[in-house]
Amino acid sequence: MDCVTSHNPVATFRCEVKMKPGKILFLLLLTGSVWSLISHPGKTQEAPSPTQLNTQSPAPNAQELTQVTGVRVVPTVQGLEVILDSTAAEKLQVSTQNQGNSLIADITNAQLNLSEGNTFSQNNPATGVTNVTVVNHNDNTIRVTVTGEKSLPKFELFDSDTGLILAFTATEVAQDSPAEVDEPIELVVTATRTETPIQNVPRSITVIDREQIAAQASTSRNLIEILGKTVPGLAPPAQGASNFGLTLRGRNPQVLIDGVPQSTTRNASRDLRTIDAAAIERIEVVRGPSAIYGDGATGGVINIITRRPTEEKLTSRTEVGVSAALGNLEGDSFSTNLQHFISAKQGNFDFTFNFAVAKNGGFFDAQGDRIPSDPNAQGGFADASSINLFGKFGIDIDANQRLQLTFNRFDEKQDTDIASDPRVNTIPGRQKARALEGLSLDERPGNENTFINLQYTHDDLFNSKLQAQLYYRDYLTRFFPFDGRSFASLGNEIFQSRVESEKYGGRLQIETPLFNQGAAKLLWGVDYSQEDTSQPVSVFDQAAFVASGGLAFRKTGDRSWTPPLELRSLGLFAQLNWEISDRFVFNGGVRYENADVSVNDFRTLANPNVTIGGGDLNFNATLFNVGAVYALNPQLSVFANYAQGFSLSDIGLALRNAPPGFSVESLNPEPQKVDNYEIGIRGQWDTVQASLSAFYNESDLGTTFTAPGTVIRAPERIYGLEAAIDAQPSSTWQVGGTFTLIGGEIDSNNDGDYESLDGFRIPPLKLTAYVENETLPGWRNRLQALYSGNREVFGNNNTAFGRRPVESYLTVDYISSIKLGAGTLQLGLENLFNSQYFPVVSQLQANDSAYAAARGRTLSIKYSFDW
């Protein structure tokens, strides 16, 4: 046989399956000790996989074991042959499965009986193949494992008079053959929590791989900007530290790192300033509400998957870079970065380590003026220094079990003497935010994020695949001081707040094959987390602030703003994935979520002398999803889904605005439950990949934020269109782009009369486009553009927060890379034509001191090399 029968809905046959990294995570201790599982691995026969391959004969009686008396490995032009010597080869039955770059063939009703022991192993037997192992998997099964150097080997099966021949072809060798080779299947994990071909998922998904991340980092290492330029459905990017206003389909996304939640109960909107881009392997974005990972994904899920170990024995790579504003080559604008990546694999142990340090200079707009360090009153990273330490350690306990520990520490501090001049707020007309030197502030804005993540997987535990995870996260973010003298709800104070959060939790999931040779699988499990959160503030002397023109912040004391609260959350879920035929895939599931919140007695910033009674809150939600994919032909498929997402209302925000006489029990917040309906079409041809989707979602209770810190709980509805296309007209040219159009309304008075949602929720039209060319071998050039349209739904004279008119803008970047010496030189020109424009988030600000322009033309150069 040349090919393996598959349940893939867009192709009847598939000869190659490429397993990508990013395994789903597990809650280890909820099922007892990991060492118990290690010492008692499952011995049952594996369930057939969708890539199962059988020989000609029906299975013999289990007690009539076929004896294999010899093993030979013979190199071939395409790879190698593993020959199992037996006089009854025609009775042998073979099934295959994939694990990373290893292809595993199990031969049932057979026993290895060699003259010199019952284990055969050979390293580097052929080009592109690192190891061949043949062992007795259990009492009636022989297991043959062939590991490819860079990718999964291909497999063919033959009989001979003297034995069974298993022919393996290294993929990298096969690609040089004139024979036609299928493209590897792209696997994603975020949409279903299991490794699933992207064409089997009835959702809109964007995957940004390591190569794309590195290219976009040539102009900006800020994840907010990288995602905003590449993901349809996401709002146009801002150039600050906050993802406030960076909505996905008009609602907040849930941000995960390897499945570890990065959000906090008191939403700090810093979820994407928690890890450096250098530590990321790829980013998977599921667009649209989802409850599969629990609370927070009303807009979708952004799952950041960290660097994986390489297959080489040792990989070491260093990168150095510098950037500066090109307007006048201002000395203060120079930024530098350094990173080093190392990965090693020895036997069944591997590790990955990444170190990244960056020092940013000042940012300058297209007119040569310095941009305030806090451009939109939500945080910035100009004049900031950051360091990121990442480590991942893994051990393959056996062919079925793996234990992996991941650690990441991100620390960023904004050491600046630049503030935003408050005097521009008194000048008539719209004024650009103005930088003011001389800032005096002891505690600098910044972010600190530490997480530890333990993962365990067992691929054959009683015919099921178990995945478990334990995680711990410690987080602190400190904001720039805020002038709240005109807001009674803020105590008419000038203050600086910080959010402190400590969270731990775990996940356990089991994937069990049900019927039809594993074409139907049930994923079921449990998630648990506990978080302690608070938001204290430092209060400053108002007289000193006024006398200094808004530059001096002399601390007079500490107060509580959001009281300490504890959130405990438990989620139970089940998800069915059924490949009904080669054309039709069905998904459906349910999740039950229960959460408890405990709050002690507290005092607010507005009423520091009044004690408000604490208490306990409980809320729960049951969420459903159902979807299907139908392949019209091997290249084109349509999909539809209904999914619910939910979000616990920002309890901390409600508590900090609590009036006298209020009690926690009287708050009784209900989760926001979002119903989402989506249809779409996907095409995957040799030189063109395209998708188009339409969606509509609604919720009875919204979470619309209004200044100076309140939330409107009212019915909302949001709808839109998204499209993406990539094409390769030739081997040296690539072109593509995305389209995003979103609308949304809110019934503020709950009277059936809907009005437009504000601009922080609903972005204007967004278009992106790129053209890339390999001009010479090893030299690539790319032009990319982003267009943000206008939006004037509240009238041209509206100056309220989030309701100001938004003007359109166009920005173009240039990215180039060339092989130079022992490494690669990359050059990036952000805002190539030096356009003076204001990001959407800036245009929506009520105060001109937060109306900051975007960066002007900025040059970045970096050089990376292996050693």
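Backbone N, Cα and C define each Cβ position, glycine as well.
Among the features that Swiss-Prot reports, region 'Disordered' is placed at 40-62. Swiss-Prot lists 46-62 with the feature compositional bias 'Polar residues'. Under the heading motif 'TonB box', Swiss-Prot lists 185-192, citing similarity to another entry as support. Look at Swiss-Prot and you will find 197-307 tagged as domain 'TBDR plug', backed by sequence analysis. Annotated domain 'TBDR beta-barrel' per Swiss-Prot: 313-867, in sequence order. What Swiss-Prot records for 850-867 is motif 'TonB C-terminal box'.
Sorting the domain 'TBDR plug' (197-307) by DSSP state (H, G, I as helix; E, B as strand; all else coil) yields 21 helix, 31 strand, 59 coil. Helix, strand and coil counts under DSSP for the motif 'TonB box' (185-192) come to 0 helix, 2 strand, 6 coil. Per DSSP, the motif 'TonB C-terminal box' (850-867) is made up of 1 helix, 9 strand, 8 coil.
Confidence in the domain 'TBDR plug' (197-307), given as mean pLDDT, stands at 95.
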